[in-house]
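Colleague: Copied straight from TrEMBL:
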type	residues	note
TRANSMEM	29-50	transmembrane segment
TRANSMEM	62-83	transmembrane segment
BINDING	K124, E125, D154	UDP-alpha-D-glucose binding site
ACT_SITE	D154	active site
BINDING	K291, D315	Mn(2+) binding site
ACT_SITE	D457	active site
TRANSMEM	529-548	transmembrane segment
TRANSMEM	568-587	transmembrane segment
TRANSMEM	608-630	transmembrane segment
TRANSMEM	658-678	transmembrane segment
TRANSMEM	690-708	transmembrane segment
TRANSMEM	724-745	transmembrane segment
Amino acid sequence: MEQYIARAAIPNPPPLPLNSQHLSRRTTLFNRLFAAVYAIASLSLFYYHLTSLLKSPTSVSSFFVSISLFISDVVLAFLWATTQCNRMIPLRRREFPNNLKQLLKNDSDFPALDVFICTADPYKEPPINVINTALSVLAYDYPTTKISVYISDDGGSAVTLFAFMEAARFAAEWLPFCRKNHVVERNPEAFFESNQDLDSQSEKIKIMYAKMKIRIENILEKGKVGEEFINGEEERMILGKWTNSFTPRHHPTIIHVLLESSKNTDITGESLPNLIYVSRQKSETSRHNFKAGALNALLRVSATMSNAPIVLTLDCDTYSNDPQTPLRVLCYFMDPKVGTNCGYVQFPQRFHGISKNDVYGSEYMRLFIFNPIGMDGLLGPGYLGTGCFFVRRTFFGGPSALEPPELPELHPSHVVQNSIRSRQVLDLAHLVARSDYEINTKWGSKLGFRYGSLVEDYFTAYLQKSEGWKSVFCNPNRAAFYGDAPMNLLDAVNQVKRWAIGLLEVTFSKYSPITFGVRSMGLLMGISYCHNAFWAFLCIPVTVYAFLPQLALLNGASVFPRVWDPWFSVYAFLFLGAYAQDLLEFLQEGSTFQKWWNDQRIWSVRALSSYFFASIEFSLKSLGISALGFNVTSKVVDQDQSKRYDQELFEFGTFSPMFLPMATAAIVNLVGFVGGLIGIWRSGGAWEEVFVQIFLAGFTVVNCLPLYEAMAFRKDGGELPREITFLSLFLALLLCSFAAFFSSFN
């Protein structure tokens, strides 16, 4: 891949290694043996189900129970199989940035880097957080003349532009301060929070930052930039474009160069990186394709201005935590053994401010750590939406089949000769940022980030893999990036619901991983991509196991084998084996039992909320009944909410139908557990037939303790709304009554 990121070819391979990789034979052997045994047990369970179904059913209800459990177990087995593909060849890597010195002797030897930062709403994504992200990458340990940072403001907010005008001035002080003091945390907010004992120079910078923050927050509160905050005629002219007819959904293109490396310097005289604000044109008559559309606009605009061979994409809250991160990336892109056909290097998503035991499972260990490590042993991890360094060439067809853009200036090998402030460059940049520019072009289908799914990250990388690209998972000891995680349950489940809808769009398209993916990438990689694509199907088995056995228990019906029946051991092995393997992976990665417990609990919560409602919304959309929108996850934190989050209390607060299934399940399982114990007592201790049902109900009750607390005992503003409690009680009563009637009828 080095031919895509360096102007001159590297004559010889580097004598010192730039990276290494390690495959644990012991872990691989264990995973494969366990998978074989578990698969045999799963097939045995299918045999048990089929023989039960083939027997003459004693009633309609027993047949319904048997077929429901069979379908649920098939779904669970399939989803388990998709995880095994990521356990066959788990690959771990290590980089040696110091060895780059043998290749990169001067600043001119470094490939240029374009950074894309996307934001959309200053009231959900505070501008101070966005500029902290930008400042952290502007201050990379990298030649400043090689860095260009592009801010995509898809909400078209004058407040956001003003914030970056302030950030550009602050950068002239912040960057030399970081270099002089060897600062590692180059997000100012994070630096000042973690460093309380400051010298006089640090105190001066802290005061400057605090004043800037106050000005930005004052403007945000007022909702407009007053004359008293404008510095100079240039700022007045650009901010004057926000007229009364300017709205987030209808406005002209605004591109403003805040810093130009060839002209702007810091207080020590060193060049500053390029910093460009971009708000693409919006029109109510044009499709904008959400974040994918914004990223494609940045791809084109950046091509006209800098056209760096490496592109880093970041969410607005994902700041750099390691200034040497680009050097780690070059350890792969400049290694001819790894760099061949390597389209991107993905870093794991890490989050700051996570509660002690990660109450909402926001670390997503399987999605962001375990699966990428496993996929790295195949063709490489997927794109996680942020913290990813792409080779620009990756967006223009496969490695051996270039898909040329419609303009030569957008070609990945085009060299920009003019200043980024020149009229020629700016005119072209405005042209390619028009809302109607993509009409009759291949953008979104063959070029750039791909359209057709709300999860543009998953879909884009998936299609790039099918074209022949590979990728690398870079997981250094020091987190490369930190982001914000949802601090209330509604935001957490809504975020996953949006992902699940986007994944269903891929699953039921001509690009489904189970067909197209397997054909284009091979069996293991295709099935690996199925793991996320079929997320929403998890709502089927979780819903069945959360209600059906418990309702049967209330009616004295046994639906599982007795404890002394040999088939009971199959159920026990499948349940305990899956949970034990998952726990082992958490512990091996340095996590804790309590974090794992919270993760498995939120797994079932998502199934009964995010996946359940995603399936409904996707089905309605497919029937043309409703249209989907893209809701930005709020990054604004209420102080009381933050306090409850630190105490690891479930945050409900507002009414949402998303809470109804989980609350109903909590009540049904509590009633089923108590009713089952009473039934055992009345029968003189005959527990063998209903042990599995009692266990399932008790296990669910323990998982639902935070819900019971929020229903009955909390009055702190984060409790479960009364409407949800009453509705769930009514639904639970209705289900119990229906089950009793159905049982007596048969």
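Cβ from N, Cα, C; glycine included.
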Colleague: State, in range form, which of 29-50, 529-548, 658-678, 724-745 has the highest count of Cβ pairs under 8 Å to the transmembrane segment (568-587).
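Modeller: It is 29-50 that shares the most Cβ pairs under 8 Å with the transmembrane segment (568-587).
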Colleague: Got a sec? Which of these binding-site residues, K124, K291, has the most Cβ atoms within 10 Å?
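Modeller: Result for the most crowded candidate: K291.
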Colleague: Just how many other Cβ atoms lie inside 10 Å of the Cβ on E125 (UDP-alpha-D-glucose binding site)?
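Modeller: 26, counting other Cβ atoms within 10 Å of E125 (UDP-alpha-D-glucose binding site).
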Colleague: What subset of the recorded positions K291, D315, D457 lies within 10 angstroms of D154 (UDP-alpha-D-glucose binding site), using C-alpha positions?
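Modeller: Those close enough are K291.
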Colleague: By a simple count, how many Cβ atoms lie within 10 Å of the Cβ of D154 (UDP-alpha-D-glucose binding site), its own Cβ left out?
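Modeller: Step by step: centre on the Cβ of D154 (UDP-alpha-D-glucose binding site), count other Cβ atoms within 10 Å, giving 24.
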Colleague: Other than its close neighbours in sequence, what residues sit by the transmembrane segment (658-678), given a CB gap under 8 Å and a spacing of at least six beyond its ends?
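Modeller: Answer is 489-490, 493-494, 497, 543, 546-547, 549-551, 553-554, 605, 608-610, 612-613, 652, 690, 693-694, 696-698, 700-701, 704, 707-708, 711, 720-721, 724-725, 727-729, 731-732, 735-736.
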Colleague: Counting only residues 6+ away from its ends, which parts of the chain sit with a Cβ under 8 Å from the transmembrane segment (29-50)?
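Modeller: Contacts of the transmembrane segment (29-50) (Cβ under 8 Å, skipping residues fewer than 6 from its ends): 66, 69-70, 73-74, 77, 80-81, 84, 87-88, 90, 561, 567, 570-571, 573-574, 577-578, 581.
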Colleague: By CA-CA distance, flag whichever of K291, D315, D457 among the recorded positions is nearest to E125 (UDP-alpha-D-glucose binding site).
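Modeller: Minimum Cα distance from E125 (UDP-alpha-D-glucose binding site) across K291, D315, D457 lands on D315.
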Colleague: To the nearest Å, how far is the Cα of D457 (active site) from the Cα of K124 (UDP-alpha-D-glucose binding site)?
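Modeller: Computed Cα spacing between D457 (active site) and K124 (UDP-alpha-D-glucose binding site) is 21 Å.
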